[in-house]
């Protein structure tokens, strides 16, 4: 790839690793907007539970690819790719450099590596049927039909399980057989965060989510879209729903959310290790090291 090609900086790492704070600092130094690559932050009204950049942070630095749809309008990976790629290319035409930030490894890979997701539109009727069956049945179904895809999806992750089954039934092809086309003509610099104190950071983040009003946000979403909304089965929202229903105390909800988040972070780390090759930034002087690497690639 020619060094004259535009530079795309991707900042990746597990949840609660400090991506947002570092992204804001990098964006400020380079006078760049931030492109979101977090799959749950694509949805409006889901702010606290997804740790979406606050209004103050978004006022400080422009953000793109946030709040694309309401939670009852699922965005497929292919749709995200079709929306995001032109936006990034438009920014590259202006500055020749762009900053992507997120913990959704598959979404990052789709953008930077030319991964071609299956062209299967959301199927509301099928999703209703799968929701009625329950995740205890759906995940084993996926394991039997597409074990490679199932191995990458947590048994409790109803959203991704349903999408994999949707692709399987809609196309006749397993999700794991996604094709790869030529990657875009970008130079990609991957910067990774993996702090040693991640467990502590996750616990602090979880407690903060509940203090900030996660339960109230979940209540509003449940009233507007129904408690069976697939996104309300994801980490944090699921436990908040159980609190609302009276089956969990606050202490229990925080503990379970923190535990599930740690498990999710472990899967993220595994994905980044297998699918990406980032420059892992140290826990100290992180911004300094990041800017040194970026400046080397901008020369």
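The count begins at 1 with the first shown residue.
Cβ from N, Cα, C; glycine included.
Feature annotations, reproduced from Swiss-Prot:
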BINDING   13, 14, 15, 16, 17, 18, 19, 20  ATP binding site
BINDING   15, 16, 17, 18, 19, 20  substrate binding site
REGION    38-41  region 'Interaction with substrate tRNA'
SITE      104  site 'Interaction with substrate tRNA'
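Averaged over the region 'Interaction with substrate tRNA' (38-41), the predicted model has a pLDDT of 96. In this structure the C-alpha atoms belonging to residue 16 (ATP binding site) and residue 104 (site 'Interaction with substrate tRNA') are separated by 13 Å. On the backbone, the CA of residue 104 (site 'Interaction with substrate tRNA') and the CA of residue 14 (ATP binding site) stand 9 Å apart. With all protein chains in the displayed structure included, the most crowded Cβ environment within 10 Å among the recorded positions 15, 17, 20, 104 is that of 17.
Annotated ATP site 13, 14, 15, 16, 17, 18, 19, 20; additional same-chain residues within 8 Å of its Cβ mean position, judged by their own Cβ, are 103, 193, 195, 201. The substrate site, placed at the center of the C-beta atoms of 15, 16, 17, 18, 19, 20, has further neighbours from the same chain whose C-beta lies within 8 angstroms: 13, 14, 21, 51, 103, 193, 201, 205. Note: residue 19 (ATP binding site) has non-local neighbours 11, 12, 13, 101, 102, 103, 193, i.e. same-chain residues 6+ apart with C-beta under 8 A of its own C-beta. Other C-beta atoms found within 10 angstroms of the C-beta of residue 13 (ATP binding site) number 25, with every protein chain shown included. The C-beta environment of residue 14 (ATP binding site), restricted to residues of the same chain at least 6 apart in sequence and closer than 8 Å, consists of 103, 193, 194, 198, 264, 265, 266, 268, 269, 272. Within its own chain, residue 18 (ATP binding site) has 193, 195, 201, 286 as residues 6 or more apart in sequence whose C-beta sits under 8 angstroms from its own. The Cβ neighbour count for residue 16 (ATP binding site), using a 10 Å radius over every protein chain in view, is 27.
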